């Protein structure tokens, strides 16, 4: 048994006197008479026509065999069923809280190529509206035949067809980040997508390219696509300009469009794309960090002042997560990435790694930790680091733990340890001392002016140093408890 349903633009009087042959045409979704499908008349109205269950083999028999309903009550009832099914699908999507990026651009603007790069670098699932539609065509379904005919004419496929395919693909993907390529193609598509799915795009990636360049690309490729011929290509250009540019303008008015010059070489185009996604990801990360409302303590001191040892003690006694900027940077070097190679070269020269590199590593580590109390060791190392951290993360440290120690003592400690670190040699050590004094001491002075610095004499034995550290954290915790008010315990 099957339920047959067709949605079409139907005249108000449709169904009054249609014979079985016409109903067969209607149910197959192929009525083309201008009196029954929408032709711009103000008297047209959209209906969903539902039939009772019947054997598939009897479809198309005489009118009497097809039990259909005209009453408004039945339309309301069946509409409720459709709405319920839609809500089920939408509910599942909404639970995913997906990030959706619409990828728009004329045919041949290179959307597909760039989407493949985005998938590889940023973990999105690429949903090409065109590919989904072509897969439907290939299936040989009546829906696929309708889609094929419309594409040949350079027309826009009905919204409900594409949205249904997209919803299904999103739910089946297992991901929560999606690139939707080539959709919405008009304002009706856009409004329908947002209304049906209750999803608005995070942003729109718009690939700008001249018609001449896009035509050259399309005619030069050999993908076996039936719509890659000069006549159909020009129809598609015309449809894109008339229908899709208004979508771009709509989102542009909301500040959601990120324009990319798609006429440049592929590598240069992707550099621009990477910048867009990196900025977006940084904003998302910041929002998540702000929601944690973390307590951050900056731990500063020259190389060899014993910060790492004391941080381990603080973690054990006070439940903080220790994030060593140096360890995070060395882990990045060890990964063998281009970023890691750049970091390695700068450390050899005793230079400061760019703020954005270290901040990104710290943000990721904070989010992944599951904690809300952090010791950030060896960062910020200069005033630019400090200002960038506060600006990007919107976090100001609770206080700064500053380990004071003479250069001679720190040098003795570093040369005496055996950790296999490439930067533990006398020449590099002295460069690091010089950089610390010139760059990091101004950070200490900045926070000192705000009453946030807690100085520790790090030249003393480890146990004595930690006694001083414990006093600092105990006093801080007492102040926090006092500001938070009393903790009440009810005994029953």
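Keep in mind that glycine also has a Cβ here, set from the backbone N, Cα and C atoms.
Any TrEMBL annotation is an automated prediction that lacks curation.
Positions annotated as signal peptide by TrEMBL: 1-19. Per TrEMBL, ATP binding site is recorded for 108-113, 221, 264, 304-309, 417, 460. Annotation comment: TrEMBL describes 134, 155-157, 182-185, 225, 236, 330, 351-353, 378-381, 421, 432 as ribonucleoside 5'-phosphate binding site. The feature CMP binding site is assigned by TrEMBL to 189, 385.
Across the structure, residue 134 (ribonucleoside 5'-phosphate binding site) and residue 112 (ATP binding site) place their CA atoms 14 angstrom apart. Within the same chain, the residues at least 6 positions away from residue 110 (ATP binding site) whose Cβ sits under 8 Å from its Cβ are 207, 209, 217, 262, 266, 269, listed in sequence order.
Put simply, residue 379 (ribonucleoside 5'-phosphate binding site) is 13 Å from residue 308 (ATP binding site) when counted between their Cα atoms. Here the binding-site residues are 157, 352, and the one ringed by the most other CB atoms within 10 angstroms is 157. Considering only the binding-site residues 108, 157, 184, 221, 236, 379, the residues lying within 10 A of residue 385 (CMP binding site) on a C-alpha to C-alpha basis are 379. Counting Cβ atoms from all protein chains shown, residue 417 (ATP binding site) has 11 others lying within 10 Å of its own Cβ. The secondary structure of residue 184 (ribonucleoside 5'-phosphate binding site), as reduced to three states from DSSP, is coil rather than helix or strand. Comparing Cβ neighbour counts within 10 Å across the binding-site residues 112, 304, the minimum falls on 112. For residue 379 (ribonucleoside 5'-phosphate binding site), the same-chain residues lying six or more positions away in sequence with a CB closer than 8 A to its CB are 298, 325, 358, 362, 385, 389. Looking at 108, 184, 306, 308, the binding-site residues in this record, the fewest other C-beta atoms within 10 angstroms of the C-beta turn up around 308. Ranked by how many other Cβ atoms sit within 10 Å of their Cβ, the binding-site residues 134, 221, 236 place 221 at the bottom. Taking Cα separation as the measure, residue 112 (ATP binding site) is nearest to 236 of the binding-site residues 157, 189, 236, 352. Counting every protein chain shown, the number of other Cβ atoms lying within 10 Å of the Cβ of residue 385 (CMP binding site) is 22. There are 23 other CB atoms within 10 A of the CB of residue 189 (CMP binding site), with all protein chains counted.
Look at residue 134 (ribonucleoside 5'-phosphate binding site): DSSP puts it in a helix.
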